[in-house]
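Novice: So that we are looking at the same thing, I have put the structure below in structure tokens.
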Amino acid sequence: MNRLELGVCYYPEQWDRSLWREDAQRMAEMGLDWVRIAEFTWGLIEPERGVFHWDWLDEVIDILGEAGLRVMMSTPTAAPPKWLIDKHPEILPVGPDGRVRGFGSRRHYCFSSDVYLAEACRIATEYARRYGQNPYVHAWQIDNEYNDHDTVLSYSKTARDGFRRWLSDCYGSIEVLNDTWGTVFWGSLYSSFDQIELPNELVASPNPTHALDFARFSSDRVRLFNRAQVNVLRQYSPGRDITHNFMAGSFEFDHHAVAADLDIVGFDSYPLGNLLGSTLSEDEKRRYLRTGAPDYQGFHCDLYRSQGKGRMWVLEQQPGPVDWAEKNPSPVDGMVRLWTWAAYAHGAQAVMFFRWRQARFAQEQYHTALLRSDGSPDQAAVELAQVAAERENLPDAPRERAHVAILLDYESIWAADILPHDDTFPNARIIREWYAGLRTFGVDLDFVGPQDDLNEYILIVIPQSMIVSSELAAKLRGSGAKLLIGARAGSKTPDMHTPLNLAPGELADLTGVTVRRAESLPELAQETVRFQDGATYDFTGWREIIETNETVVASFCSAYRDGSPAIVRSDRAIYLAMIPRGPLLHTILSDALSWANIPVTDCEPDLRITRRGGLGFAFNFGATGLSLPSDGTQGYLVGGSEIPPYGVSIWQDR
Ligand code: GLA
């Protein structure tokens, strides 16, 4: 399936039954293929334990199916009913401040609760038994946005007890735990697993391995919760695809691991909603206030497509102003169409819009939709119609494997948050900036995790992999790829210890460097990096004092260890002893792509170009028209070589 499929998130339970048939008819007429329903319906379906009211949902599914729409059914475990919470208040999550987060909104459950795990499987089984073989139900979404409202880390009693069991299974004896955690430090020794508390509400910073293990435990609980429902659906709804809707900028659990149990990796795309809280600069936020960052859709679609092994859907596409960001502007006309095509270009097989009709009551009244609350079509419906017509002009085009991969390791992101050594250490921002930097060269990218096959890539870039295991190092070594390795890589073992051979630990042989010291510099300490050709660039923040016998590409100009190596190249790897941004990053990426013989297309700041099979896509995020690079072989299917503001061009190489 490579034709762009379109869909919508629908909440019939919030509207009079008399509207349902007309809604379904209108959806079909708009060219929609899919309708996602029911992710928040537990309280309606089972108003008291064991009493089920299925009739309305049966009717909705029939109406949608009879209109030719394919139904994506959801398990409703993101919002457990009040009677269950009253019976088992221990289900509720607990924040890092130790306070219980109560009923009345959603996501009011703790992933560590075995009581809730059982209840979730019970209700999933009830839904799957009823609809698992329904001819109109073609796919399932489990729960809703596991990391929404920050409930992955829960500091409940059940989490503490589960964590203790997890540690006992992991270490076997408390002596091994003490050695691994280094609890001799500050005399924090334990004599039994029952003495171990959660790493929150402490006087000072927690033991780093303690904190990292709690992040690992919490991530394991998300995978366990998801996999338990996958197993239920496999049993009662065989042959239907199973997905979950991941979020943007969500690193609190190992998405690689959860994705491994899904058929399709879903993503909820809110380019404007996620802009003002992002790590972009003020100038970038001002420039892209009504378009979203040029690399937002690409980054997340490439990441989740890679995790989905090529199967990725946008399960919620922003249709207009959302209601949950600090400010909620409207996108300029044309952006919903551009975002939809950008998702497809980056591998989405389907794009579903959030939501069908704007709510008239409750928490999300200000969130726009395809229709206003009076049923009149809003701007997104206009742009959806354009996309629905345009997709008929496109041939089949599967997204192909890229030549360049970005290594993204969730454990390293957790580790850097736990042991930053720099209170503004850019952590996940580095990954986004390297991605954006490479995309300005028109380079298509895959993402890989430590557990993935790393062969067949020409260049693997490693922006922030603080933890590098011997297994990962062996895979990198064996891949034959050239490597661009960012600072701090390999500087901690999986136990969060400094490697015996110092950083970069397991990467020492590939890089040919030894890190003798790390320092972090404030913004005011503008220092420079000087290349052999004399070019100099400002930098600050993280800096490493390294020793090497390999080729020194650039050196530090500094009052401290002036002339020490800043960029070193061995035959397999370029190692960075600092964290580059802006012009320095641009030069480093350009040099690395040239070193690896990767073809590039220089893109203007507002222009993004990508490929999907034999199709080329160009997107203009700016307010002025642009001319596309052209060699006359492009046969345009949408737009042309002059791309208007907020425009889309799609071509097929003749
Ligand atoms: C998230 C949730 C939806 C809805 C939207 C609003 O993506 O999955 O239920 O709250 O946000 O943008």
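Each residue, glycine too, has its Cβ placed from N, Cα and C.
Heads up, TrEMBL stuff is auto-annotated, nobody curated it.
OK, TrEMBL features for this one:
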ACT_SITE  E145  active site, proton donor
ACT_SITE  E316  active site, nucleophile
BINDING   R106, N144, W324  substrate binding site
BINDING   C110  Zn(2+) binding site
DOMAIN    9-393  domain 'Glycoside hydrolase family 42 N-terminal'
DOMAIN    402-598  domain 'Beta-galactosidase trimerisation'
DOMAIN    607-652  domain 'Beta-galactosidase C-terminal'
Novice: According to DSSP, which kind of secondary structure is E316 (active site, nucleophile) found in, if we only use helix, strand and coil?
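Specialist: Assignment for E316 (active site, nucleophile) reads strand.
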Novice: According to DSSP, does the residue listed as 'Zn(2+) binding site' sit in a helix, a strand, or coil?
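Specialist: Coil, per DSSP.
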Novice: Would you list the DSSP helix, strand and coil counts for the residues of the domain 'Beta-galactosidase C-terminal' (607-652)?
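Specialist: The breakdown for the domain 'Beta-galactosidase C-terminal' (607-652) reads 0 helix, 26 strand, 20 coil.
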Novice: Using the alpha carbons only, what distance in Å do you get between W324 (substrate binding site) and the residue listed as 'active site, proton donor' once rounded?
Specialist: 15
Novice: Over all shown protein chains, what is the count of other CB atoms within 10 A of the CB belonging to N144 (substrate binding site)?
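Specialist: The answer is 22.
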Novice: Round to the nearest Å and give the CA-to-CA distance linking E145 (active site, proton donor) with E316 (active site, nucleophile).
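Specialist: A Cα-Cα distance of 11 Å.
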Novice: Could you state the CA-to-CA distance between R106 (substrate binding site) and the residue listed as 'active site, nucleophile' to the nearest Å?
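Specialist: It is 18 Å, counting Cα to Cα.
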Novice: Find, for the listed active-site residues E145, E316, the residue with the lowest Cβ contact count at a 10 Å cut-off, counting only other Cβ atoms.
Specialist: E145
Novice: If we count other C-beta atoms within 10 Å, could you say which of the binding-site residues R106, C110 has the fewest?
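Specialist: Counting other Cβ atoms within 10 Å of each of the binding-site residues R106, C110 gives the minimum at R106.
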Novice: Express the distance between the Cα positions of E316 (active site, nucleophile) and N144 (substrate binding site) as a whole number of Å.
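Specialist: Given the Cα positions, E316 (active site, nucleophile) is 11 Å from N144 (substrate binding site).
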Novice: Within the set C110, N144, E316, which recorded positions show a CB-to-ligand 1 distance under 6 A?
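Specialist: From C110, N144, E316, counting a Cβ under 6 Å from ligand 1 as near, the near ones are N144, E316.
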